[in-house]
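One structure below.
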Amino acid sequence: MRNLSVGHVEEFVLVGFPTSPPFQLLLFVFFFAIYLLTLLENILIVSTVWLTPSLHRPMYFFLGHLSFLELWYINVTIPRLLGAFLTQDGRVSYVGCMTQLYFFIALACTECVLLAVMAYDRYLAICEPLRYPSLMPPSLATRLAAASWGSGFFSSMMKLLFISRLSYCGPNIINHFFCDISPLLNLTCSDKEQAELVDFLLALVMILLPLVAVVSSYAAIIVAILKIPTAQGRHKAFSTCTSHLAVVVIYYSSTLFTYARPRAMYTFNYNKIISVLYTVIVPFLNPAIYCLRNKEVKDAFRKTMLGRCHYTRDVTD
């Protein structure tokens, strides 16, 4: 209860994962390794998409945006998770907590919209292959990517506008490893119904509407694939969107649990486990899925790495 001003909290204490020191050290090493691998995976995808002319198409343009988003996302959340294993009472200022919450919500909402845009792109590529270049020109892809980022950050700004107006008089202990919506709403000493309603409605708009777009796109894709007469043709068509479909299933299954119900949750430890899933595991799996399932990305990555190795060898000689 230290450092509380009159009627306002100056800082929050993040409980993290209280457990035995040896187990905390083990968890720290494990998640730090995942953090480094996730950084490497996404940096390689962004650089490969950027440096390979054959990948300068809308599908990979959106993939580059998704990987860049994941890079930003893990640097907002994972450092807090790592800090939770090193100290029992991580402290964060009120402004720092609200800043972290803003970027966390913005990036999560942006990813929802971006995945819907990528599903629409796959719909056009499979259902309208002859008209695809005219239906999805680079200018439209750029506008859709910009709209994804803009809608995500605008939605976060509206949520934070109502959350930051709440009063926090104490206690200031958050049973989490970063500043999330539910723990903060549970700590406020003022009426939170309006903030909860706005948060809930915006969560529905930013999650369910993109999800409807994804489901509609893949329903049309499945219908179009079933009309292909040969099994080889059906397999080839479906293989172009399996990576994105796997990412969508993993992301939405972990995110819907939290954002469909913004009301403060009762089982906080369970909430923290779910948070680890969508802040650590999902960003780690996304690039791996795209690289393992997409032959063009693997070939481009291999050529990029071999080209850099040859260049380094020539410079050395």
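Yeah, the Cβs are placed from backbone N, Cα and C, and that goes for glycine too.
Features reported for this protein in TrEMBL:
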type	residues	note
DOMAIN	41-290	domain 'G-protein coupled receptors family 1 profile'
TRANSMEM	25-52	transmembrane segment
TRANSMEM	59-81	transmembrane segment
TRANSMEM	101-120	transmembrane segment
TRANSMEM	140-162	transmembrane segment
TRANSMEM	200-225	transmembrane segment
TRANSMEM	237-253	transmembrane segment
TRANSMEM	273-292	transmembrane segment
TODO: Return yes if the transmembrane segment (273-292) and the transmembrane segment (59-81) have at least 3 CB pairs under 8 Å (sequence gap of 6 or more), otherwise no.
DONE: yes
Open item on the list: Please report, as numbers and ranges, the same-chain residues at least 6 past the borders of the transmembrane segment (25-52) whose CB is under 8 Å from any CB of it.
Closed with: 17, 19, 60-61, 63-64, 67-68, 70-71, 74, 78, 81-82, 85-86, 280-281, 283-284, 287-288, 290-291, 297, 300-301, 303-304
TODO: Within the domain 'G-protein coupled receptors family 1 profile' (41-290) only, compute the mean pLDDT.
DONE: 84
Open item on the list: Cβ under 8 Å, sequence separation of at least 6 from the ends of the transmembrane segment (237-253): give me the contacting residues as numbers and ranges.
Closed with: 111-112, 115, 118-119, 122, 125-126, 207, 211, 214, 218, 221, 224-225, 228, 278, 282, 285-286, 289-290, 293-294
